[in-house]
Amino acid sequence: MKKYFIETWGCQMNEEDSEKLSGMLKAMGYEVTDNKKEADIIVFNTCCVRENAELKVYGNIGALKQLKKKKPDLVIAVCGCMMQQENIAENIRKKYPFVSLIFGTHNLHKFPQLVNNAMQSQNTVIEVLESSDEIVEGVPIVRESSVKALVTIMYGCNNFCTYCIVPHVRGREKSRNPQDIVDEVRQLAQVGYKEITLLGQNVNSYGRGLSEEIDFAGLLKLLNNTEGIERIRFMTSHPKDLSENLIYAMRDLCNVCKHIHLPIQSGSTRILNLMNRKYTKEKYLDLALRLKKEVPGISITTDIIVGFPGETEEDFNETLDIVKQVEFDSAFTFLYSPRPGTPAYDIKEQVDENIKHERFNKLVDLLNSIGLKKNKAYENKIVKVLIEGLSKNYESKLMGRTDTGKLVNVNTDDKSLIGRVINVKITEALTWSLNGIPV
Ligand code: 5AD
Ligand code: SF4
């Protein structure tokens, strides 16, 4: 049997796209391998949200030159967000002529046909569409996990935060039909999935532009009673669109997890304005307090960018201040990376790299100490954990998550527990995870 290897960079949206690529490859008769050397087709699904993600991709493509020399029939395909940027596809063709196929984010479903075209061509086949209004349903999919599934509910983004390349490479916002989502989730439940994560760049604006009158809270209500699905997660939420209805849905719907990923990006209203985020520090704080009041025990996680152009010490102190006030459970922190084609790229006053790193380290220290304190509150408590599989950090332990999204390593090797929600007593809290025993 012919074999395929896929490497994925970037967000969960890309992960789901790669699961679709796997589904199509399987339907074409390929089986997966985790060893590039034995693959007949290698796919790199790329990300361009920060420069370092792009550099890694170039390094990985370059490293395939020798393999292709030894194995001339090897198909090398490069796809994803990076390919949607101007000149990138052409540059890759010039610099790495051994790449067989380049395609973008809007024609993923045409992958089998594109592979055939590439196999019959001596030159690199390039097909990158500028945009697409179409949502293609029914693409086969092979998922990484058999317990939890990613389900994209909307594509693209209309927000144009000034630092962000995503709207430029993923196009305008498009919501899937609610019935298609309900059907997919039902099918997932039927084959044993217990948890779904609804994906979109900004799930709070789900439903805009659909003929049917529905918002994100309404979609959660539709999905909440799916028999067999015990947990519903979602990401990402933009603070400017977080509705009262969504807060009530999180409070009232029993299967919706008590966790929200609510990127703040900066604590300085001045910087938030420059970022085109359309909320103030005070508005964000207000939202966080409302969430904590209405959904007791909720965990709030976030994304923060350090060193946006023009960020002063004062602005950065505002970020530290809101982190202390909200007490985030955890955060993804990023050094600002200038992306060509975005408005922030042209701002002259870039922050000095050393200062950026200093601020970054200070922020991470603060987040870690708050994260540990929040995790300590779980010690000696009994929590419900959905067991996902074997622990990555400990042999002979299983791992799972609380409904608040905390990773728990559970002291048992009883694999029959995988896919079940069990009671676990937390025995030890660490900064990034909890340890516990089944009770
Ligand atoms: N530089 C650094 N971080 C970025 N993000 C998006 N664009 C950039 C950039 N140019 C971060 C944001 C976003 C997350 C997915 O990536 O914090 O929420
Ligand atoms: Fe990028 Fe902003 Fe859209 Fe998120 S909401 S994808 S940060 S433009």
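A Cβ is built for glycine as well, from the same backbone N, Cα and C atoms used for every other residue.
Confidence for the domain 'MTTase N-terminal' (2-120), expressed as mean pLDDT, is 96. The domain 'MTTase N-terminal' annotation in TrEMBL covers 2-120.
A sphere of 10 angstroms centred on the C-beta of CYS11 ([4Fe-4S] cluster 1 binding site) encloses 17 other C-beta atoms. In the three-state DSSP assignment, the secondary structure recorded for CYS11 ([4Fe-4S] cluster 1 binding site) is coil. The [4Fe-4S] cluster 1 binding site annotation in TrEMBL covers CYS11, CYS47, CYS81.
Residues or ranges marked as domain 'Radical SAM core' by TrEMBL: 143-373.
Positions annotated as [4Fe-4S] cluster 2 binding site by TrEMBL: CYS157, CYS161, CYS164. Note on CYS164 ([4Fe-4S] cluster 2 binding site): other Cβ atoms within 10 Å of its Cβ, all shown chains, come to 21. According to DSSP, CYS164 ([4Fe-4S] cluster 2 binding site) sits in a coil region rather than a helix or strand.
Sorting the domain 'TRAM' (376-439) by DSSP state (H, G, I as helix; E, B as strand; all else coil) yields 4 helix, 31 strand, 29 coil. The annotation domain 'TRAM' is assigned in TrEMBL to 376-439.
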Number of helical, extended and coil residues in the domain 'MTTase N-terminal' (2-120), per DSSP:
61 helix, 23 strand, 35 coil
Residues that sit under 8 angstroms from CYS161 ([4Fe-4S] cluster 2 binding site) by C-beta distance, when 6+ apart in the chain:
GLN265, MET275, ASN276, ARG277
With respect to ligand 2, which members of the binding-site residues CYS11, CYS47, CYS81 satisfy a Cβ distance under 6 angstroms to one of its atoms?
none
Where the C-beta lies under 6 angstroms from ligand 1, the matching binding-site residues among CYS47, CYS81, CYS157, CYS161:
none
Relative to the mean position of the Cβ atoms of CYS11, CYS47, CYS81, the recorded [4Fe-4S] cluster 1 site, which additional same-chain residues have Cβ within 8 Å?
TRP9, GLY10, MET13, ASN14, THR46, CYS48, VAL49, ALA53, GLY80, MET82, VAL166
To the nearest whole angstrom, what is the C-alpha distance linking CYS164 ([4Fe-4S] cluster 2 binding site) and CYS81 ([4Fe-4S] cluster 1 binding site)?
12
Tell me which of the binding-site residues CYS47, CYS81, CYS157 sits in the most Cβ-dense spot, judged by other Cβ atoms within 10 Å.
CYS81
